[in-house]
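What Swiss-Prot says about this protein:
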- Cys65, Cys69, Cys72: [4Fe-4S] cluster binding site (BINDING)
- Cys109, Cys140, Cys200, Arg272: [2Fe-2S] cluster binding site (BINDING)
- 50-277: domain 'Radical SAM core' (DOMAIN)
Amino acid sequence: MKTTLQLYSNTPHPQVEYWSVCKVEALFETPFLELVHRAALVHRENFNPQAIQLSTLMSIKTGGCPEDCGYCPQSARYQTGVQKQELLNVEDIVEKAKIAKSRGASRFCMGAAWRGPKPKDIAKMTEIIKAVKALGLETCGTFGLLDDGMAEDLKEAGLDYYNHNLDTSPEHYNKVIGTRGFDDRLNTLGKVRKAGLKVCCGGIIGMNESRKERAGFIASLANLDPQPESVPINQLVKVEGTPLSDAQELDWTEFVRTVAVARITMPKSYVRLSAGRQGMSEEMQAMCFMAGANSIFYGDKLLVTGNAEEDCDRLLMEKLDLEPETTENRYLSQNN
């Protein structure tokens, strides 16, 4: 049955095409170089392929999460060495945001490890968002499941994007997470859209899912209506103490295929290389950029796991003739 997962929106953003799992799986089966080439053409039609959006991600409340996500070192259920830390104060967060901006970041993302915020937390978050927004940065928050009215409060404070990942396909989901359902995630995404916030929504590759399940994950994202403005693609970072610490290694070409398929199915979305980039070679990252990735997390840490060093990122971008995205270079001139 051809259905999209309708999310509320205050702006028209018609779904262009329905993507069945079989149709997405057929893309995965495309010969590797042909798939990358096709994705590169789609990318050029919608973005400047030499411009990379730089985002910084900061954990503003760390550890102690009651959820059982099998990949997450911040879960209180696993012995991973992550120490619980309460919500940071506004001044410390703003200082980090200033540093991020001085180093070229245009978006500042904030993550809090809890199932979802309480009303008192929202009051603190709105203060933080206003302070970061005043620096001239785009703001993004990943704060878990939202109750009614919370998304509107975040929007009013100046939040631009809300991140809430699907993580994986509906078929594979219960093998990874048991304390919140796939539909719970869709429900929060609906509240985010209804409030007029932009959506950042992606997932994690390499959690023992099959290629068909990867296709199901991409299909679920591509059939959100409207599609997410930002799609983070994470490669599993295996952390000792988590249930997925011994997950099977994923061949690098499969990750690049996933990036390419995301670009083809969601042509106007930012496709972000997120967690796991520290373990990627320069050559693999270059292939991801060729396949349509146009955003990275920039900084030496992603929440509680390592990230590629900034000096290495700057050098790689120089080698590939890439430049940080600005409002002036976001699109090729013929696409303006």
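Glycine too: its Cβ is placed from the backbone N, Cα and C atoms.
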Cα-Cα distance linking Cys65 ([4Fe-4S] cluster binding site) and Cys109 ([2Fe-2S] cluster binding site), given in Å to the nearest integer: 19
Cys72 ([4Fe-4S] cluster binding site) and Arg272 ([2Fe-2S] cluster binding site), Cα-Cα, nearest whole angstrom: 19
Proximal but sequence-remote residues of the same chain as Cys69 ([4Fe-4S] cluster binding site) (Cβ under 8 Å, at least 6 apart): Ser75, Asp167, Val176, Ile177, Thr179
Cβ packing number for Cys140 ([2Fe-2S] cluster binding site), 10 Å threshold: 24
Local Cβ density at Cys65 ([4Fe-4S] cluster binding site) - other Cβ atoms counted within 10 Å: 23
Rounded to the nearest Å - Cα separation of Cys200 ([2Fe-2S] cluster binding site) and Cys72 ([4Fe-4S] cluster binding site): 19
Neighbour count (Cβ, 10 Å) for Cys72 ([4Fe-4S] cluster binding site): 26
Structural state of Cys200 ([2Fe-2S] cluster binding site), classified by DSSP into three states: strand
Rounded distance in angstrom between the Cα atoms of Cys72 ([4Fe-4S] cluster binding site) and Cys140 ([2Fe-2S] cluster binding site): 20
Cys140 ([2Fe-2S] cluster binding site) and Cys65 ([4Fe-4S] cluster binding site), distance between Cα atoms, whole Å: 20
